[in-house]
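Working notes for the structure below.
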Amino acid sequence: MQTLVVKYGGSVSEEHTFLLEEIAYYARNDVHVVVVHGGGPEVTQWLSRLGHATEFAKGQRITDELALQVVEMVLSGRVGKRIVRQLQKYGVRALSLCGEDAGMVRAVPYENGLLGYVGQVEMVDVRLLCSLLADRYVPVIAPLGVDANGQVYNINADFVAASLAGALRADAFVLATDVAGVREHANSQHTLEQLTEEEAISMVEDGRAIGGMIPKLQAVVHAVQSGAKAAYVLDGRMADALHSVMEGRSIGTRIIPTGIMKGGVEHA
């Protein structure tokens with residue numbers, strides 16, 4: 001069976017249910033599907049209600065103790081459960097997890113704790129996911145991790161998803177966001193159809209990729225370098241986004257290991 005890992009971004013709002021419908025379709029039709037979700041905008045809203053200012057540095061939320069508590073409650077509770085309810089409405093068995101569960105995501109502090117309780121992935125253990133997928137569940141995972149001492153960390157969801165996609169040797173890792181794909185350069189309207197991992201790295205190093213696209217490219221490169229067959233950056237608000245990926249139709253930007261030039265997802 002094929003394995004599909006989808007990063008369901010916080011920017012892909014509840015109003016755009018196409019992606020969840022497609023996830024459910026493939027889960028019902030003999031594809032192993034794992035969903036990793038964000039939820040940053042909702043975390044910011046709840047922190048604001050508590051009178052807590054939100055600050056970012058290096059594209060990451062500075063996470064103090066209160067912010068960490070809110071991140072845990074919002075991502076593991078509200079956002080994860082909401083996605084599960086929607087998927088179950090579409091006829092699949094889904095369950096909400098986070099990277100803490102069964103030691104799935106081992107974390108270390110990001111840049112020695114510079115941003116508080118922000119972590120980065122040290123390693124992943126996908127044995128629980130493999131068991132759940134074998135039983136036809138759809139795991140829905142919040143991007144939290146835990147260190148060797150039991151401390152919880154808030155981790156960039158793109159990197160959690162990429163790490164799991166690599167460890168699962170996913171046939172496709174889909175990073176669903178609110179942009180059409182990777183642009184040729186910051187001021188270009190042209191979306192690149194395909195990049196090798198080396199070309200993606202070059203775009204980061206020479207400054208053609210800027211802002212939020214930098215961590216996305218770093219994540220998809222990590223996914224293909226660690227075992228995923230291909231990765232995609234695409235607009236998750238579009239109808240038929242996953243169908244296009246799985247059927248080999250052009251959509252977004254496809255990132256592949258250097259030396260591989262096939263289109264679409266390979267079928268056994």
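For all residues, glycine too, the Cβ spot is worked out from N, Cα and C.
The domain 'Aspartate/glutamate/uridylate kinase' annotation in TrEMBL covers 3-234.
The 10 Å shell around the Cβ of Lys7 (site 'Transition state stabilizer') contains 32 further Cβ atoms across the protein chains shown. Among the features that TrEMBL reports, site 'Transition state stabilizer' is placed at Lys7 (among others).
Summarising the annotation, TrEMBL assigns substrate binding site to Gly39, Gly40, Arg61, Asn154. Mapped onto three states, the DSSP output places Gly40 (substrate binding site) in helix.
Lys216 (site 'Transition state stabilizer') is surrounded by 27 other CB atoms, counting those within 10 A of its CB over all protein chains shown. Sequence annotations record features per position, and here TrEMBL assigns site 'Transition state stabilizer' to Lys216 (among others).
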Gly40 (substrate binding site) and Lys7 (site 'Transition state stabilizer'), distance between Cα atoms, whole Å: 13
Three-state secondary structure, which DSSP defines for Lys216 (site 'Transition state stabilizer'): helix
Inter-residue C-alpha distance, Lys216 (site 'Transition state stabilizer') and Gly40 (substrate binding site) (nearest angstrom): 15
